[in-house]
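Step one of this worksheet: look at the structure below.
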Amino acid sequence: MGKSSKDKRDIYYRLAKEQGWRARSAFKLLQIDEEFNIFKGIQRAVDLCAAPGSWSQVLTKKLNENRPKDAPPPKIVAVDLQAMAPLEGVIQIQGDITKLSTAEQIISYFEGELADLIVCDGAPDVTGLHDMDEYIQAQLLLSALNITTNILHPGGTFIAKIFRGKDITLLYSQLKIFFPIVTCSKPRSSRNSSIEAFVVCQNYTPPKDYVPTMINPLLDLSYGKQNELLGPNRVIVPFIACGDLSGFDSDMTYPLEKKSLDPLQPPISAPYLTAITLKQQNFYNKVPQ
Ligand code: SAM
């Protein structure tokens, strides 16, 4: 949660700090839950691409709130490429969701059981080149789906960030192979100006004889005619806006009533630190142009 001028004014950024969430993204998962009631009966959950950890905080709160008396504590596993500050009750794995070894590590924590809920807020570093960003995001979502087919219980739920670009129908088709109910949802706290949305995929039902593997890519996103899903092949999934629609608008600027707060959980090791050190050492001026 950096302190860019846009972020400083953002109402959800400020609310997150006031309410003790590590990132404003917490509100996205909370608002998805308001619409879909995703935490009911959940005991084992996986948070893919979890750092800095606000979705894991939401999972911890909701799974404990919903836990019947005398039931064992919920199991929550969080995975990210980056290190994440510890969170009570959350098992952390620093790993890559595109790797089979990561799936195996997650399964080992569930002692032979599978997960009931898998969430993924994964995002690559955005380049600003829309086609490229959509493509990389799609690949990350497919990696999340791939790992999900290894660790999700039949009947379980998978929620993932998606960029609503021009090839979205291909992704929907892939998801529909595994989930009979796929909905595209846009929480109120997700900026309207962003193409980000979240697919809520319910009732995991893998095809008969489907053998999960991390090897085969699920989707060849080549842009040729053969991959176009047009006419009757086009997949249309319902789109739902969620969160209190008369509540705070994430694209609006609200006056700052209280003193600005520091980030709750500053990055452990920010990716730009190496660049700053190199700049201080005058490295970039020495590189031949
Ligand atoms: N949901 C998080 C929260 O509420 O705090 C925020 C997630 S942040 C938007 C996206 C994360 O995706 C980053 O921390 C990044 O390291 C992670 N990520 C991107 N690619 C990944 C990969 N292949 N494996 C694991 N994590 C990845």
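Every residue, even glycine, has its Cβ placed from backbone N, Cα and C.
Together with G53, W55, D80, D96, the S-adenosyl-L-methionine site in TrEMBL holds one more listed residue from D121, D125, D131, D133, which is D121. In this structure, D96 (S-adenosyl-L-methionine binding site) belongs to neither helix nor strand by DSSP; it is coil.
A helical conformation is recorded for W55 (S-adenosyl-L-methionine binding site) in the three-state DSSP classification. The 6 Å Cβ screen around ligand 1 retains G53, D80, D96 from the recorded positions G53, D80, D96, K161, ordered by sequence position. Secondary structure at D80 (S-adenosyl-L-methionine binding site), as computed by DSSP, is strand. Residue pairs drawn from G53, W55, D80, D96, D121, the listed S-adenosyl-L-methionine binders, are separated by up to 18 Å at the Cα level. When secondary structure is read from DSSP and collapsed to three states, K161 (active site, proton acceptor) falls in the strand class.
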